[in-house]
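All remarks here apply to the structure that follows.
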Amino acid sequence: MLTGVTDGIFCCLLGTPPNAVGPLESVESSDGYTFVEVKPGRVLRVKHAGPAPASAAPPPLSASSDAAQGDLSGLVRCQRRITVYRNGRLLVENLGRAPRADLLHGQNGSGEPPAALEMELADPAGSDGRSAPGSGSGSGSGSGSGGRRRRARRPKRTIHIDCEKRITSCKGAQADVVLFFIHGVGGSLAIWKEQLDFFVRLGYEVVAPDLAGHGASSAPQVAAAYTFYALAEDMRAIFKRYAKKRNVLIGHSYGVSFCTFLAHEYPDLVHKVIMINGGGPTALEPSFCSIFNMPTCVLHCLSPCLAWSFLKAGFARQGAKEKQLLKEGNAFNVSSFVLRAMMSGQYWPEGDEVYHAELTVPVLLVHGMHDKFVPVEEDQRMAEILLLAFLKLIDEGSHMVMLECPETVNTLLHEFLLWEPEPSPKALPEPLPAPPEDKK
């Protein structure tokens, strides 16, 4: 009862309605949204739009290998060796030819990846999750106690990756393609409005959920409901419900972590990944010195200042247009309790450099150069550690680049969806010998 009264008071003070709790079963609402109960009492609002489903049942969530014999279009050989040393060093060796030379038109970046990349593993205890400042460019030169490091240079574990992937063009008319959009802390599916409308017009099937406590999803009043693992299981449930044969994950900020999680869990179903201002490939660890560790009542009193700070840091400009975008996108519009629980629940030690280096899915990284939350060095480091990665910088954008520059973002995303690499030389068949000439 006290919680309900408190929520009502907060609602009056903030001038926003409390998070709606949907029905206990999946139900289509009159405005085109679906309320999905991912577990008892935990209901997420989902925007599911696109072409009408085909009469045939979708393929099961399992690996499939239906490529026609002799068809080598988009076939790529993924080969790399990942070595973790006991002294905290990481060595990534690219043994094959990754299709980085086949860059998208207008792409920032250059040619082939280095044959080997060596870096220091980030210390989770000293990091602040994805929103923390960059921890360096990941060069191979370490500092201090070089001799002791060399003596301790013994492999702790070695991971070998050797597989073939078929990366094909994802077109809107293809019934086996689904685009998943996952927002970050404080947002809602409304931040994707321009992207959802754009891709639905092109014939794509799109799925965009509200995270728990955000938008119109249910908002449990228990902090444990907002840990990374709890939210990741929500996204797993949504993915398993709507996934088809070729699925593309698009994440923004904290939402990138859930895309990475799903790509790691379902490598045969995730066809491509797009990371927008997601940060570096470091394990998530909440900061104990963060302002979000203050009591909920204090955070509520500071909410006007936090909203203004988000506007200053999240947008390249702070005019009337940006304020309207912030309001329409329902960004940074959650209760103080949910905000505090979300920030303190960002604990994911498994999501380190090794975890990201194991991904074999092609990734497009989009970064707004005016972003004050995520330094460009973090996305550059992410591009270095991933096997198949393209980094695109948008000069006029910031953290909320999909709201600021929707046409540019839509074009980049669409080009990446249509991109298909040339087959790897190792995947090509040996040329047939020329027939002998007839002697006359």
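Just so you know, glycine gets a Cβ as well, placed from its N, Cα and C.
Database features (Swiss-Prot):
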type     : residues : note
ACT_SITE : Ser253   : active site, charge relay system
ACT_SITE : Asp371   : active site, charge relay system
ACT_SITE : His399   : active site, charge relay system
COMPBIAS : 124-134  : compositional bias 'Low complexity'
COMPBIAS : 135-146  : compositional bias 'Gly residues'
DOMAIN   : 178-280  : domain 'AB hydrolase-1'
REGION   : 123-158  : region 'Disordered'
Collapsed DSSP category at Ser253 (active site, charge relay system): coil
Average model confidence [pLDDT] within the domain 'AB hydrolase-1' (178-280): 97
Around the Cβ of Ser253 (active site, charge relay system), the count of other Cβ atoms that are within 10 Å: 26
Local backbone state of His399 (active site, charge relay system), from DSSP in three classes: coil
Integer Cα-Cα distance in angstrom, Ser253 (active site, charge relay system) to His399 (active site, charge relay system): 8
Number of other Cβ atoms within 10 Å of the Cβ of His399 (active site, charge relay system) across all protein chains: 26
